[in-house]
Amino acid sequence: MCAKFLLLLAWIHPSYALYFHIGETEKKCFIEEIPDETMVIGKYRTQLWDKQTSSFLPSTPGLGMHVEIKDPDTKIILSRQYGSDGRFTFTSHTPGEHQICLHSNSTKMALFAGGKLRVHLDIQVGEHTNNYPEIAAKDKLTELQLRVRQLLDQVEQIQKEQNYQRYREERFRMTSESTNQRVLWWSIAQTLILIITGIWQMKHLKSFFEAKKLV
């Protein structure tokens, strides 16, 4: 039981950081599978390619990023313009794949015309969004109380993940049953077509032989 709990604990969405490059009109999107009622925090910072130093330097304040987030139903839940460094937050209300897209604002393209923009992105999901040192200071929690709070948040996130997996399994089962039904009806249709074709061929051959007076 303990091993299963640790496995589930390790499987929960961790926070992750990455960086990527985009051009002037390029748009980068990421897919994140998120349970319902789960908070997500994204932080990013941008760097511009400097030809003189042949390295990436901090972006100018005038260069901004547009962040757009869609839920599994492709409904836009966040669409906002930020600066060269920014932080966005949203809470999922539908379980499934959420699309997180970023692209630079078109009004400041001259700032890096023809160049490259490096974007450092850090996404935190679930209990990883909590700032526990700040929570401990605000609520005056002891180290033990803080640890209990962290464990409770992790257990809550595990329950959300389990509910999401059950949701995925149910959708997969419904899709499988629908596919099996279609295959069954298609097999029945093929069998009927073969029977009808065979009957027609037999009648046609009988008529042919009768016309030739062979029977």
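Each residue, glycine too, has its Cβ placed from N, Cα and C.
Over in TrEMBL, the protein carries these features:
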DOMAIN    27-148  domain 'GOLD'
SIGNAL    1-17  signal peptide
TRANSMEM  183-202  transmembrane segment
| query | Which residue counts does DSSP yield for the domain 'GOLD' (27-148) in the helix, strand and coil classes, in that order? | reply | 25 helix, 61 strand, 36 coil
| message | For the domain 'GOLD' (27-148), report the average pLDDT of the model, please. | response | 82
